[in-house]
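Here TrEMBL flags 1-83 as region 'Disordered'. The annotation compositional bias 'Low complexity' is assigned in TrEMBL to 25-42. What TrEMBL lists as compositional bias 'Acidic residues' is 65-78. Positions annotated as domain 'Cyclic nucleotide-binding' by TrEMBL: 119-219. TrEMBL lists 251-364 with the feature domain 'N-terminal Ras-GEF'. For 369-417, the entry in TrEMBL reads domain 'PDZ'.
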Amino acid sequence: LQLPADLTKMHLTDNPHPQVTHVPSSQSGCSIASDSGSSSLSDIYQATESEMGDVDLTGLPEAPVDSEDEEEEEDEDIDRTSDPLLGRDVVRECLEKEPADKTDDDIEQLLEFMHQLPAFANMTMSVRRELCSVMIFEVVEQAGAIILEDGQELDSWYVILNGTVEISYPDGKSESLCMGNSFGITPSLDKQYMNGVVRTKVDDCQFVCIAQQDYWRILNHVEKNTHKVEEEGEIVMVKEHRELDRSGTRKGHIVIKATPERLIMHLIEEHSIVDPTYIEDFLLTYRTFLTSPLEVGNKLLEWFKVDNLRDKVTRVVLLWVNNHFNDFEGDPAMTRFLEEFEKNLENTKMKGHLRLLNIACAAKAKWRQITLQKPSRDSPLFFSLLGGSDKGFGIFVETVEMGSKAAEAGLKRGDQV
């Protein structure tokens, strides 16, 4: 019971002549299409349910069972690939190649390693990739070796991969730099000179070096491709222009950083063809920069009142429920948000979206047991039920009194008994 990945392709109206198209189970659970541009959602549940029967394995060819020797070899392979030292050896092999000899696989290996280092932390993926393609590997084996003299003309940017270096400044102060730190030139073509002496503190110090010309070119090119959005004199969002293929057909701006408020607002803005998963990415990561999901929920309820934003808001909520149902199930405030959003869908007669929301909630809900004790037989239950055999559907909790024993026990509107 999965929702289709791209809900924007669905035409949600109540046409009495549905045209439901089944797709393989490896893709989304259901998909809807209609030549007339509209289709009914009355049979979606049956369409998704039909794919949930018992799996028939008859007729499948039997694979030969591996021998014990083969299993031992596989175990050895797994042990080798899971060894972090082996991973470093692979990275070193890639580093020791000349820039012209590095393959795309080599650059991906370097990229995976370099993105963990502080020196590359504030760079975009495309910048890191280009830097990885031109970097040169150097090793200084002896401790106490001088790498740069005071006043020496600089021609490279250095990042430490292993070991520690010390910078001794002319005023007597010193600074130690370790793995992931950088020193050397700034991204400029002007002549630059070293202030202080750089020497190794331990044996086997390893560096990657990037020539001044390459460093300036890569970072300057990115600056040209960067679009900054300002509000009241402050930068609130930074976008980077990217091309996903050489034909130039898939190009546009992708958000690389923004204020929390601007990131929330971008949920309902037009998304570039090169940034199609912005909503999913936001919903996956918002807890790292927001204190509460209600900051997003309250904005969505506010935007729902605007007619031309209603479809976009509904798509965000459907993706949220489908991908991260625990955000609602484990938070009473978010459960209330979902109930209010459901009422808004009912009031605006958005029956197709409402049915999708119900399907998503039913698919993600989990069994649980609730014990509710009454002081006497005549005591009120503090909740009401809906349904039964005379109605033709199951028994559901319709309302739960806020602050009551039933609410404290965990009973929620929409629970099926």
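Any Cβ shown, glycine's included, is placed from N, Cα and C.
Worth saying up front: this structure is predicted, and the values here are computed from it rather than measured.
Taken as a whole, the domain 'Cyclic nucleotide-binding' (119-219) shows an average pLDDT of 91 in this prediction. With helix defined as DSSP H, G or I and strand as E or B, the domain 'N-terminal Ras-GEF' (251-364) counts 82 helix, 8 strand, 24 coil.
Residue counts for the domain 'Cyclic nucleotide-binding' (119-219) by DSSP state, with H, G and I taken as helix and E and B as strand, are 20 helix, 39 strand, 42 coil.
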